[in-house]
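> First, the structure itself, so that you have it in front of you.
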Amino acid sequence: MNKNSEEEENKEQEPKEKKKEETTKLNWKEWIIDPSEEFYYTWLQIMILPICYNWVIIIFRTCFYAIEEKFVATWLTLDYICDLFYVLDTVIGFRTGFLEQGILVRDLSLLKKRYMRSSRFKWDIASLLPTDLLYLKLGIHTPLVRVNRFLRTSRMNEALDRMETRTSYPNTFRVAKLMLYIFVLIHWNACVYFSLSNYIGFGADPWVYPNISDPDFAATRRQYFYCFWFSTLILTTVGDTPPPEREEEYLFLVADMLIAVLVFASVVGSMGDVISSLRDRDNVFFPNHELVKGYLRSRRISKELQKRVNDWYQHLHINKKITRENEILRHLPITLQTAIAVSVHLPTMSKVTIFQNCENSLLEQLVLKLTPQVYSPGEYVCKKGDVGHEMYIIKEGKLAVVADDGVTQFAVLGEGNFFGEISILNIKGNKSGNRRTANIRSIGYSDLFSLSKEDLTETLLEYPAAKRLLEEKGHQILTKMGMLEETDEGEGEVEKTEDKVKRLEASLEALQTKLARLIAELESSARKMMQRVELLELQTEGWEGIVAEGAQGEIEEWEKVKEREIGDGDGDGDGEKEEEKEEEEDPIVEGERGEGDGGEESLGEKEKNAGGIEESENEKEETEEEQIKTETQDQKRD
């Protein structure tokens, strides 16, 4: 058995080792650096050293030539070590990934193209140009040929910015960064002052560096410290300096005075920013005490109450009690807010009896609703008979359950205890009616978390199972306390209400479907009516003129018939005269009227003619209707 177990372990270890070898090979071949990882941040910190070395040492070796001649081998070694770091930084630039649409790009060809097209690549290549070859012409003691190494300064700025965002003390870091810049500036000014003194002549006048033949000023260390001190006096405008006597000295002092003004302004501005940021942080963390004090003075509040308010503020500041957690974290995403609240408040929340065995997602939602509160000694958290709108969880401190006199103590609540949980559940049958049943008073300074009834009900809407569980636990607690009215219809009512809600939802869905069908039918009928109206309009376009002409012709004919009937009774002469007039007025009627029966025959002929006219008009209308129908059909086809 032992042998078999050993063989199985060896078999399991072999594929693991193979996998490790494969992963290492793949990592080395496709090695990509994520800018958000720790390696990139560490590398930026390392790059600060060679960049600062070049900024400080090159000018130092150029001006203080004794140091350059004495330690030339050391300087050359350090120079080429820094160059090696520059080369490695360029290689890392080719391997540094970037985000595209929120995803890290790992394609080496794309990374190379992006880096080579960036302005950083140009500066990096310029900083690596082999200007050391000028040593062959100018001599090895001319370190100024390496001045192109200053072009890598952008990497140091990037490193300092990242350090400022990561450090826990950003204001202190800003001050330290400002002091570093001032130190480099004073260092450069000291080197230029020593070089100017060498150009004018050591000891030529009181302003320049004293004669180096003097043993007190011959040491290299003394030379640098004296120049650094003199440069500090000039740039800070503190202390008396010898007056200049030459034009070069005047020009140097004028330039230093202008730089000193900029340095002083930057120092004052940076310190002002630091102080204002500290004040803003205090205003966010703690309530504004000055506003409250001004309000108390303007309203002439009693000194005793003012003392209580001042003691409360003092307690917050001394013990760093934060009462505005939600305001501080509101700029973070909701996932990070939940993670921070869970890490801070979940252990305390899980101690509450009614919240035990609840879903973790429910507790995560509730911890976001907790509000920190601080109570002073002797202050009442709640009194008997008050309507309960929130429950309390004790984070730190001690509370006493006291009688109405405020002195007799029935119990003492400590860290992790809670109270008021029943009043926010709205349990039916509660004899107290969601009112406080005891007086609770803070013994010392107490830190509590409060959860309001509105926040709990809003959260429980999304967790019906947890709501039923909490109500059952509340029923159990109330029955133990004897504060619950016994009702057998409680569970039945809950079930009935749930059934009613389900039925209402089903009926609502049916009504919605019926309404949708009715709307569709109404729309289709409206479309059909519009089509029929359009057809009728097209069919009756030319009917108005025809109907009007036919009506006028019929009226005129009937009038003439009546006149003739009247004319037959009067006589032949008059009839002949009227016939002549009618022939002149109406040439359409043919034949002459005779006496008696001749008039009747003409009437019959006239009625036949009128009937023929009406038939011809009807035929015309039918033909026109057929033409209109054919035209509408052709239009529909088109």
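Glycine is treated like the rest: Cβ placed from N, Cα and C.
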> If TrEMBL is the reference, give me the range from 69-85, 222-238 marked as transmembrane segment.
222-238
> Report yes or no: does the transmembrane segment (250-271) come within contact of the transmembrane segment (178-202), defined as 3 or more CB pairs under 8 Å with a sequence separation of 6 or more?
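Touching, yes - the transmembrane segment (250-271) and the transmembrane segment (178-202) meet the threshold of 3 or more Cβ pairs under 8 Å.
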> With a Cβ cut-off under 8 Å, give me the same-chain residues at least six positions beyond the ends of the transmembrane segment (178-202) that come close to it.
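Contacts with the transmembrane segment (178-202): 52, 55-56, 59-60, 62-64, 208-213, 223-224, 227-228, 230-232, 234-235, 246, 248-249, 252, 256, 259, 263, 266-267, 270.
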